[in-house]
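> According to Swiss-Prot, the protein has these features:
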- 1-21: compositional bias 'Polar residues' (COMPBIAS)
- 1-28: region 'Disordered' (REGION)
- 113-135: zinc finger (ZN_FING)
- 181-241: region 'Disordered' (REGION)
- 207-225: compositional bias 'Basic and acidic residues' (COMPBIAS)
- 227-302: domain 'RRM' (DOMAIN)
- 346-355: compositional bias 'Basic and acidic residues' (COMPBIAS)
- 346-371: region 'Disordered' (REGION)
- 391-407: compositional bias 'Low complexity' (COMPBIAS)
- 391-465: region 'Disordered' (REGION)
- 408-437: compositional bias 'Polar residues' (COMPBIAS)
Amino acid sequence: MSETQAQGVQSPGQVASTSYQPRPARKQVTQAKFDAIREAFSARPDSAGTFNIWYENFAGVDREENEAQKAKRETRCDIARDSGYTRADITLKTQAARIQQGAPVAPDEAVYCCIHFARGCCPHGAECNFLHRLPRPNDYPSQGRDCFGREKLGNYKDDMSGTGSLSKVNRTLYVGRIHEEHGVSSPSAPANSAWRDGGKTLKGGRSIHDVRNKNGPRPRQDPKSYRPQHNSVRPETDNATERVVRRHFSEWGEIDRLRVLTGRSCAFVTFKYEANAQFAKEAMLNQSLDHNEIINVRWASDDPNPAAQKRNQEQMRRAGERAIMAGMSEQAIQAQQALRALEGLEHQRGEDADSKRRRISHQSYDEDMRRLEEENERGWVEFAQERQAAVAAAPTSQAPSAASSASKNNITGSLLNSETMSHLASLQNLDQKQGGASDTYPPPVSSNGLGSLAGYGSDSEDDDS
């Protein structure tokens, strides 16, 4: 097979493979070994009843006992050694040629990854009809199937296993039963007994300061890149366990976040893309890390942290936009870009008009304020000039009046001044006028109580007269 076939071709929603060398895929196991693994995997226990296709186990078998009896897998995928081109790459090339000719490609013709390759037990190698490589971000735009072509369920199973839910994009895996590395913060660390009493030195033991000095100074952490883990006071233990988990899971794709719960023997691994999480779940199920533990890999439930929920919603929105853009044709993309350019131009024009209007209003406002300030300055200058003129004219008007009053006082030569004498004269004239008026008018009528009776006449007196 040529190098062009090895590199693969593009198809609707799929990207050509470039992460592996142009070589045929290696057969991971022989056909006999594969048959033995399949027979052991589907073996029916003696006390088992009907096989439940939902929970993928037999009825009548205790769940805890069944989980404890799960042994470590005999095979494991090695991406650097096992990946290569298969018949699926030829299928991708054929689909790309059909698309260039204008023929549509049905969704059921999509090419998926090999699940046996992910588990490390594919006996076909280059003759396999599935891809022997890691999935790409936009390889599988359909949310109804996983990267292996299996249909998703409407909701998660009770034990969070299986293919996942088609109503949610889950990129986080729960990894349980991991072996925690020993460190300062580990419960089984030798130095833990030295500071369980609050840092006080025990009899014949060491203090917390001795432990810190022995381990050396703490390395400086970058606040932008370092993320403190849950239930952790020092980064040494987190880094020790985190390095092990990251080394084993980073082989299956780019890791976005990793959180190790110290003292609980579990971790949460969040991949950047959901397809990588699906591949890692099948590749690491019932595997071991650096020790003989058998880890339990399941889908993680929703994070109750509001910040995490907001971040997941934003990532889902961006992923939806990328999926829509991947399914659009070049003409539709160009039309959308032109429409956005026109909208941006109209928005810029609107902003220019608004800025011009604001600039004109600011200029008129500044002009009015300058005119008011000039008028105020002129008014204050005129007021100051008028006040100075009034102050200068006041002494000249007061001097003649004082001289005239002094001359009048000298002429009279009496104890009373001229003003008092004029008032007395006016009072005398008023008294004389009132006396003359009393001579012309008749005398007033008496106002006693008998006056009305004296003027009363009876009818008998009129008759006598």
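Glycine is treated like the rest: Cβ placed from N, Cα and C.
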> Please give the average pLDDT for the domain 'RRM' (227-302) in this predicted model.
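The predicted confidence over the domain 'RRM' (227-302), as a mean pLDDT, is 83.
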> Where DSSP helix means H, G or I and strand means E or B, what are the helix, strand and coil counts for the zinc finger (113-135)?
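Taking each residue of the zinc finger (113-135) in turn, the totals are 8 helix, 3 strand, 12 coil.
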> Work out, from DSSP, the number of helix, strand and coil residues along the domain 'RRM' (227-302).
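Computed counts for the domain 'RRM' (227-302) are 29 helix, 17 strand, 30 coil.
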